[in-house]
Amino acid sequence: MSPTTAANQAKKLIKVPEMRRIKHIHFVGIGGAGMCGIAEVLANQGYKISGSDIKASKTTQQLEENGIKVYIGHEAENIKNANVLVVSTAIDPENPEVKAAIEQRIPIVRRAEMLGELMRYRHGIAVAGTHGKTTTTSLLTTMLAEENLDPTYVIGGLLNSTGVNAALGESRFIVAEADESDASFLYLQPMAAIVTNIDADHMDTYEGSFDKLKDTFVQFLHNLPFYGLAVVCGDDANIREILPRVGRPVITYGFNEDNDIRAIDVEQDGMRSHFTVLRKGREPLRLTINQPGLHNVLNALAAIGVATDEGVSDEAISRALKGFSGVGRRFQVQGEFELGEGNVKLVDDYGHHPKEVEATIKAARQSHPDRRLVMLFQPHRYSRTRDCFDDFIEVLSQVDQLLLLEVYPAGEKPIVGADSRTLARSIRLRGQVEPILIDPVEGNLQNIMQNVLQPNDLLLTQGAGNVGAISVELAQHHLYVK
């Protein structure tokens, strides 16, 4: 047996202790991106899993196909015989299942606390940051898999290569996204952590204080053991600011020369990016990632930092990047549709913060320099639209044609001056692009597509709300242009 094979086998076949007295776990809001993955992993560990959601979806259908009982609608009787309830921050305290659990003295835990339990007896790797978590988590998972380390993973989007966002592996490794939106990532105690960047988002959680947000990231990194590892983006000014307070082993990555891991000679080739990675004590390594944009090169560097430290070979890293098929709704090509003498290419992306939208626009420009860029954008949350209003005006003015959906509330009440009509008016006053408001309920989507789209356009559907479903609808109906 080779040393590599022996080492790999030593990292596998870990027996994970079960949670005492817990047999039946019920998830309130099981259809959520963060909830369904944990539910599936626990089901595969042998727990009885049930859950409820406000409406049926592809996710709830998939869960039922995998043997998980899903109730549509929230009722007290749904939690019968459950030993614990798992809830997300989106669940109202007045939810009948939550109230019933309180009355019956059934423990109620937050999603991240249950994720922390999954991580407790494994070698946990948590990926945090305002942007890029899902892609970075997926890249690292793919690298570990290429080294035959078979990790458990819980990701916030569908990994295109497997068609799922979570799976139970046989090794001691677990890779998971760490959610800062409600500060619940403080429940996690990983062995290694990535922080991709720190930006002002979800500020209601932090009482509007950016300093509190940064302090919370410091707390998160302090959850690492003193022998753990933090891999952080050294190009990010806010990360550099907190580094003196981290007090844990740190590796920095980025494009700047003072980083421990950096990318040089970056080239864009359509939907692919080529770069050379420099690491201390190693030969330069030329790599290709099957994704466009400098932000994805940074995501790759983060994953490379942890993978290298965990003993993943350069060959496995190279294979993982070259074969990476992406994550659902992350610059996902929906198809090309004939129009006149050319075609329109439809791409769907989940990014909803101004910096994410800007990175997507840059990737679109770099990968499709000869196409006119038409963006169908749906702002996500009134609070984010309010807090990032000026940034949205600047970023959305960078496209050639802007189509605006109304704000997706995500449970929030409307805020005066933070709606799409006001945003459109401000963008119009800037004078770079003429926004068009779309109301699918009124049925003007079809007419606007027919009047706006031109041969060889790139149509980018952008946002975290139901704009993804609208993108699917557009693809199914040939963009309404045929």
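Even glycines carry a Cβ here, placed using N, Cα and C.
What Swiss-Prot records for this protein:
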BINDING   Gly129, Thr130, His131, Gly132, Lys133, Thr134, Thr135  ATP binding site
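Using the Cβ center of Gly129, Thr130, His131, Gly132, Lys133, Thr134, Thr135 for ATP, the list of other same-chain residues with Cβ within 8 Å runs, in sequence order, Val127, Thr136, Thr196, Asn197, Asn299.
If you draw a 10 Å sphere around the CB of Gly132 (ATP binding site), it holds 24 other CB atoms from the protein chains shown. Residue density at Gly129 (ATP binding site): 24 other Cβ atoms are found within 10 A of its Cβ, drawing on all protein chains shown.
With respect to Cβ neighbours within 10 Å, the binding-site residues His131, Lys133 differ, and His131 shows the lowest count.
Within the same chain, residues at least 6 positions away in sequence whose Cβ sits under 8 Å from that of Thr134 (ATP binding site) are Ile155, Gly156, Gly157, Glu177, Val327, Arg330, Tyr350. There are 29 other CB atoms within 10 A of the CB of Thr135 (ATP binding site), with all protein chains counted.
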